[in-house]
Amino acid sequence: MRLIPLKNTTEVGKWAARYIVNRINAFKPTADRPFVLGLPTGGTPMEAYKHLVALYKAGEVSFKNVVTFNMDEYVGLPQEHPESYYTFMHSNFFDHVDIPAENINLLNGNAPDIDEECRRYEEKIKSYGKIHLFMGGVGVDGHIAFNEPASSLASRTRIKTLTEETREANSRFFGGDANLVPKYALTVGVGTLLDAEEVMILVTGRGKAQALQAAVEGSINHMWTISCLQLHAKAIMVCDEPSTMELKVKTVKYFSELEAENIKNL
């Protein structure tokens, strides 16, 4: 596992965006051989999307031959709802870059057959071979995507019941009323994430410190689903200073020295 210790949210977003652009450009994608990118929603990746759009507008990257798969979507929320992840992705990213509509893959939380929708999503991912890079965030309780505590580490795309903690955390997008946050969501599984060639998790804020500590220094534990990344061959945690507050000083020092060349000139 790599840990990229940065100062603030802006640096986290800038580093993540540059990393994605470098990976896409090094891959040299074509229509027949697209780069497959996994994407999250929420507050944490907002800076990354802002910088990705800026890099696209600067002519440093094209998304024409990039295929995307999003992590999750609420069940029962209309697609056009301002807080649907469909709306979020189009407002913050897709509508500002040159990605073709047919290359965008989002879970349908209003599908008539939810189980079939989840199977279809998994099959679509497999049809591309694998996801080359999956960017994600982490919840205060260590969940990745909507794989809440006690999720199977072998799980695939499925419907999940959201915890009260998650609904409370997401209530800030629903006028502060947790009762307006849907109770269920479709999400890629932990196993789906682990199948990706590379996983990059963005961690920002003091509230995520315990989750980061569990991921980096704790044992592999389904109560902290983020800890599954210890099993991944190419996992990267990109974090700001407040989120490292629960890590041992020597842990932060170790990774700061190890990644010194990769975090300068931000």
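Glycine is no exception: its Cβ is also placed from the backbone N, Cα and C atoms.
For the recorded site, ASP72 (active site, proton acceptor), the DSSP three-state label reads strand. Around the Cβ of ASP72 (active site, proton acceptor), the same chain contributes PRO40, THR41, TYR85, LEU107, ALA145, PHE146, ALA185, LEU186, THR187, VAL188, each under 8 angstroms and 6 or more positions distant in sequence. Positions annotated as active site, proton acceptor by Swiss-Prot: ASP72 (among others).
Within 10 Å of the Cβ of ASP141 (active site, for ring-opening step) there are 19 other Cβ atoms, across all protein chains. Annotated active site, for ring-opening step per Swiss-Prot: ASP141 (among others), in sequence order, evidence recorded as sequence analysis.
Feature annotation from Swiss-Prot assigns active site, proton acceptor to HIS143 (among others); the stated evidence is sequence analysis. According to DSSP, HIS143 (active site, proton acceptor) is assigned to coil rather than to any helix or strand.
If you draw a 10 Å sphere around the CB of GLU148 (active site, for ring-opening step), it holds 21 other CB atoms from the protein chains shown. Look at Swiss-Prot and you will find GLU148 (among others) tagged as active site, for ring-opening step, backed by sequence analysis.
Around SER151 (site 'Part of the allosteric site'), the same-chain residues six or more apart in sequence whose CB sits under 8 Å from its CB are HIS143, LYS160, GLY189, VAL190, HIS222, THR225, listed in sequence order. Look at SER151 (site 'Part of the allosteric site'): DSSP puts it in coil. Residues or ranges marked as site 'Part of the allosteric site' in Swiss-Prot: SER151 (among others).
Swiss-Prot lists ARG158 (among others) with the feature site 'Part of the allosteric site'. Look at ARG158 (site 'Part of the allosteric site'): DSSP puts it in a strand. Take the CB of ARG158 (site 'Part of the allosteric site') and look out to 10 A: across all protein chains shown you find 22 other CB atoms.
Feature annotation from Swiss-Prot assigns site 'Part of the allosteric site' to LYS160 (among others); the stated evidence is sequence analysis.
Within 10 Å of the C-beta of THR161 (site 'Part of the allosteric site') we count 12 further C-beta atoms, all protein chains included. The site 'Part of the allosteric site' annotation in Swiss-Prot covers THR161 (among others).
Residues or ranges marked as site 'Part of the allosteric site' in Swiss-Prot (evidence: sequence analysis): TYR254 (among others). Here TYR254 (site 'Part of the allosteric site') comes close to no residue that lies at least six apart in sequence on the same chain with a C-beta under 8 angstroms from its C-beta.
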Separation of alpha carbons, GLU148 (active site, for ring-opening step) and ARG158 (site 'Part of the allosteric site') (Å): 12
HIS143 (active site, proton acceptor): tally of other CB atoms within 10 A of its CB: 25
